[in-house]
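Here is what TrEMBL records for this protein:
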- D144: active site, charge relay system (ACT_SITE)
- H193: active site, charge relay system (ACT_SITE)
- S369: active site, charge relay system (ACT_SITE)
- 135-388: domain 'Peptidase S8/S53' (DOMAIN)
- 1-18: signal peptide (SIGNAL)
Amino acid sequence: MRCLWILSALAWVAKAAAQDITDDDSPKIEAHRFIIEFASGTHAKTKRDELSSTGIRVLEAFDSPLFSGASLETNNHTLESLLILPDIVAVWPNMQAYLIAPVKRQVAVDPTATAAHAVHWATGVDELHQQGVRGQGVKVGIVDTGVWYKHTALGAGFGPGFKVAGGWDLVGDGWVVGAEKKPDADPADEQGHGTHVAGILAGEDVSSGWVGVAPDASLYSYKVFGPGDGTDQATIIDAFLRAYEDGMDVITASIGGRGGFASNAWAVVASRIAAEGVVVTIGAGNSGNGGAYYASTGSSGEHVLSVASAEVKRDEVTGGGILRPSYFTSWGGLYDLSVKPDVAAPGTDVFSTWPGGDDNEFVLLSGTSMATPYVAGVAALYISKHGGRSVHGKGFARDLSMRIISTGASLPWLLYSGDADEAYRAPSQQVGGGLVDAAKVVGYRTSLELTRFGLNDTANFRANQGALVRNGGNETVRYSFEVERWAGVEMLKAFDGRDPGETPRIKYRAEIVPSNISARVTVPEEFVLGPGEERRAEFIFEAPEGVNQTALPAYGGRLLVKSNNGETVSVPYQGLAFNLQEQMESPFHGTYPWLRSTSAYSNKTTFNFELASGIQDFPMMFMKVKWGTREVRWDIYGSDFDEARDWEYPPVSGQRGYIGAATSWASAGKTSSFNPARHNASDTFSFPETDVARNALTTGGFTTAYYWFGKLGDGSVMAPGNYTMRFAVLLPFADPQLSESWKGLTTKFTVLPKIGNSTINRRGFW
């Protein structure tokens, strides 16, 4: 066995290590590209042909009973204009997605010291392996960069009879986002990320004794990346649906991007697959420095297991275990206050397979990318012992997910220094139900059936929660209930007169300190269940009192269900001890939004939309928001627009003075400026933008930028004249029909003729 760290091949790892909270890791919208879903009963092929006949380009067809639709490219539509077409029930922008790039922690590995990187002792996996539970007969789909299946620890082959038994390359070698795909039957890894994931899940090296979580499981590789770190949601959806149709028991993906909403297209499809009984694990993300409520995209799905990362290692002095959250793991929950992440698994300095010349190479990587396949492997162990959806039905993935969540071990608070503070327990917003325990997942006879305990905020407080307790054993068991309070945090960085433009905002990780913020909980009296019996346990919560609501206090913990046979399962809970809509009534950071121009003028209100270098003149909108918003709009009206009189949702072109939706250059904020000699002026997306994560992070942090070159969402070009622009974001929990639900900037502006009435464009797009 050869172990090494390949610096050249891990350029993206070094990049990830250099990233911090000032980087704009927001997913880019693919220009002019959408994902649509057809109404039930629609003949999908006929509908796609009909769309094609109108000039819309159909890029991919989705013909699954779980999701019937297509990905499209069109220059003449917006989300809203597509949604009003017959037989279309949902429309999303096609967002890019990225590898959850690992974080480099160690640059060399001792070839003889695999035991030093062992983690199964801490998760119960060793115990199951000793019992012969190794994932036999389970099919696991890996949606990633492919797998280097020639690796000796991954079976040294591809196809039936090999460890990597099948799969599909959905993009083709060398593919980059936006290019034509050339799918084929060979999902060989071009990068290494998917190979590392595969080893964690099911690798085995006999010579050293190193073994993955479920070494006898059959792997299926669904390659959605070329040599770069980007793909898109349409491609991921295609892969997930293919994996579902191929009969996977488990699907895992270490892919993401800033999100925090369960309504994005990928999260919706992943959740539907899980609702059919397939366990789905997706990484929570590596943006822990961003602080609380900074979740990822696909892992936000309602029925998906969102996996956080923990550090697991032996103490070299005492020989005991060191267990704590990984510093980089992203915090939840979601912006609608749903509970995420769900569970944690080893993700720091994880030893696994890597592609290389002798097909026997290994590296250490850190990230939720490593933790995610670990949990997928635990699910495979359970299925190999007890059966999957074919035995237990469509509710299986929900039930197994709750077993995984409810048997986790709490972790200590992680100080910014990297040390653990045992006086506090890490919050569920960081680690979900805690560190996964495979032996308990597989072996416990007590189980819980419930929905996640999201208590919401004080205005929408969900005081009454319940769980069905089931005794699956052969003996009578007595159950009692306790509350375990975990650390609370005050999330707000208050206004600072020394930094007025960058405060107030949500604290980033270095600023967060634990505090005793807790809800009062009334738990049930003890009760007894005979073999096979079940009973609902009711819990009544009271919101924390005596807190400073303006500091945005968040809290959480877990409810322990303890039995007299030694089994303890738990239910994590989380909530906000303030009125979110009230505290985010002013959603913008500092003095944002800003209207600027390529000229030196601030709040300039005349534009000629020239793009040529040296005479550029177009509006640029800059935004920082303190909380995620379901919708950002940039709408154009006539000059006499009156908010009280004319606002309607959604606005309709030609009615109430509405002219149309603005567009934005898709690379705004990703590069310093627009260069007509190098950049494509038609590379734009149309408003509204949906599911936008918060980006008010810290001094010097990134700002969301929108560059409007003068085209509207329907492809028309603004004519000279006087107009009104309305740039606004939707407040949390607000009704978009109401004008007061939106905050932003409304201003009159004038479109001037181009200089010399020219139509300058070096790439010929006007």
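Backbone N, Cα and C atoms are what each Cβ position is placed from, and that goes for glycine too.
Curation does not apply to TrEMBL; its annotations are automatic.
Locations of recorded TrEMBL features on the structure.
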residue : record                           : DSSP (3 states)
D144    : active site, charge relay system : strand
H193    : active site, charge relay system : helix
S369    : active site, charge relay system : helix
D144 (active site, charge relay system): tally of other CB atoms within 10 A of its CB: 30
Active-site residues compared (H193, S369) - highest count of Cβ atoms within 10 Å: S369
Between H193 (active site, charge relay system) and D144 (active site, charge relay system), the C-alpha gap once rounded to whole angstrom: 7
Distance, D144 (active site, charge relay system) to S369 (active site, charge relay system) (CA atoms, angstrom): 10
